[in-house]
Amino acid sequence: MRKIKIGLALGSGAARGWSHIGVINALKKVGIEIDIVAGCSIGSLVGAAYACDRLSALEDWVTSFSYWDVLRLMDLSWQRGGLLLGECVFNQYREIMPETEIENCSRRFAAVATNLSTGRELWFTEGDLHLAIRASCSIPGLMAPVAHNGYWLVDGAVVNPIPISLTRALGADIVIAVDLQHDAHLMQQDLLSFNVSEENSENGDSLPWHARLKEKVRQYNDTSGGDSTNGNRDYDHFYPGAGEPP
């Protein structure tokens, strides 16, 4: 039987995105292994570190921030395109993350950006890892856009703030989606629900979040036999700050 692939879609959310680190650590703690990671904006920055086995180094860097460290990272720009150049932040990030290609990540990884010329999303599934992250994090008006193949690219949150569709496209059977601002755009997402059996529905809400997720994996195996061509793909949606993970 083919192994079920679990994907992690890390959404945008500016500084709130550091909570992605806690979500990943919680998943690891309960033994949920992630095969595929897709990120948008800050989600791409954290997701890339996880995909390249550098999450601990990123966590150490973030937790060491002082007020003055944050100020030093704010390289103001007087040029058109953005309030910040963004070079200070990404130069520091390069000290944590190796210069590599997306294909060399330990886990399957991709990032989403927005093409300003077409207004459509652009998926980085291969090529320069740091270029993909830089483009995905370029908040319009705040950070200068990135030039790539004759186009200007900005933050993927403009069109796809939670890259569930990208995670599925990479081959995930089950997607765990981490939404940092669900009130603003939850209805924009094309999310598929999973029908919990009547037997489990009575006490399903009382189960811990990780037990519910593992139950979904079991149900998927029972209904599809591990074949991704049968049945619907599933997702779980986490809302940091709303009680899960504990």
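Using the three backbone atoms N, Cα and C, a Cβ is placed for every residue, glycine included.
Curation plays no part in TrEMBL annotations; they are all automatic predictions.
Looking at 39-43, 59-63, 94-98, 159-163, the range tied to motif 'GXSXG' in TrEMBL is 39-43. Under 8 Å from some Cβ of the motif 'GXSXG' (39-43) lie the Cβ atoms of residues 9-18, 20, 109-112, 136-137, 139, 155-157, 160-163, 178, all in the same chain and six or more residues away from its ends. The Cβ of Ser41 (active site, nucleophile) has Gly11, Ser12, Gly13, Ala14, Gly17, Ser136, Cys137, Ile139, Asp155, Gly156, Ala157, Pro161 as same-chain neighbours under 8 Å, each 6 or more residues away in sequence.
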